Amino acid sequence: MITIVNYGMGNLGSVLNMFKKVGVEAKVTDNLNEIADATKILLPGVGAFDAAMSRIKAGGFEEILNKKALEDKVPVLGICLGMQLLTDCSEEGVLPGLGWIKGKTIKFSFTRTQNLKVPHMGWNLVKQVNASPLIADFPPDPRFYFVHSYFVKADEEMDVLMRTTYGHEFDSVITNGENIFGAQFHPEKSHKFGMKLFKNFSEL
Amino acid sequence: MLKTRVIPCLQLIGDSLVKTVKFNKFGYIGDPINTVRIFNELEVDELCFLDIRATLEKRKPNLELLKQIADECFMPLSYGGGVTSAAMAQQILSIGFEKIVLNTVTFDHPEIIREIADHSGVQSVVGSIDVKKNFWGKYKVYSNDGKRQHDFDPVTWAKKLEQNGVGEILLTSMDHDGTWSGYDTILIKQITEAVNIPVIANGGAGQINDIVKAVETGASAVALGSMVVYQAKGLGVLVNFPDRNKLEEAISR
């Protein structure tokens, strides 16, 4: 059972749809007791960094999530903004992040001559940097759907599982080396590639 | 490298799929759910649905149909047609759509753009611009399914939409719609030079080379209509998508 934390940011219908498609039980909840009992946690997120962190704090989610992720060590997957929240801080806001994976979230910034639009929006390739069961046995040339204006830079090379290039390389899948993972793209909108990632996560 | 998005743009009238020619006569394509199943199998990049008569017929978005579509599709989805409030947009987004396409409402209630963007981000709002040349060959902007002409030229209106906070522009040439004659590259050039947000070229695609030209002219993405619902010009309905390898090779040349 995957527990999808509904802290009020992000449209969760499509995440739920994809877990259903791959045959994995999942539920969306904002109930703190249900989150406390979770065996696997998915942290979604669309929107602004500070808005998300303040909801996580104000809703009482932070304490429970910290316990689940750091003490109980249940598998956690943050997607899109949910990945950025795992880092220490973001240039998008002033509030500290959850800080479960050492690194920071930085704004894309390109010169005029690069002619690259922000947000980075569309399908892009990801390439494996380090191995992990989360990204095992992907179909060849895995491509995923991205929509984001900020990217993650992990402090430690060993925490980077996949990288993607948009103007420059950035970290598209990260981990703490144990139970915590983040993916910048939207697996729920990435056809068979996303299904494989969700399936892998459900089997951790 | 970021791949150019090639987006089937499907026209609905209520719960039927249709394809128009120059925003005027149209042919029935069939059932939208069967069609999206095929596009999902084909692993297309993204799908756009426009209920072209919702505003004219004062109909609300068909949430039941949109939910069925979202349940079948594991790709980014956008919807336009009859969206008149941010609350309505929010309902559609929560079903599993990523983007709301706005046209008529942006003339009468431009504040809706910010209301949706404040809640779900600018990337969730697509400003749709329908353009037709007038008798003297000047581009004019239209709304209400091409029935209402506005005084704006498309460049002015595109800048205005960008300023009002849309994350992206769907640029449709009404003259090229359904003609298989290629995109209006002059129009694409004017708009992409005027704004900093992505522009999706729409109207006229008939072959892969048209897509290449639109991208070379500055379009960030392209929408396909007739090409993905007919076998070829003048032939019967066939839901299809260009061969991915050929497409990628052509675009990355």
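In case you wondered, yes, glycine gets a Cβ from its N, Cα and C as well.
The predicted model assigns the domain 'Glutamine amidotransferase' (A:4-201) a mean pLDDT of 94. Here TrEMBL flags A:4-201 as domain 'Glutamine amidotransferase'.
TrEMBL lists A:CYS80 with the feature active site, nucleophile.
According to TrEMBL, the feature active site maps to A:HIS186 (among others). Long-range Cβ neighbours of A:HIS186 (active site) (same chain, at least 6 residues apart, Cβ-Cβ under 8 Å): A:ILE79, A:CYS80, A:PHE144, A:TYR145, A:PHE146, A:VAL147, A:GLY194.
Sequence-distant neighbours of A:GLU188 (active site) (same chain, 6+ apart, CB under 8 A from its CB) are A:SER14, A:VAL15, A:ASN17, A:MET18, A:ILE79, A:GLY194, A:PHE198. Positions annotated as active site by TrEMBL: A:GLU188 (among others).
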Near the Cβ of A:CYS80 (active site, nucleophile), how many other Cβ atoms are there if near means within 10 Å?
24
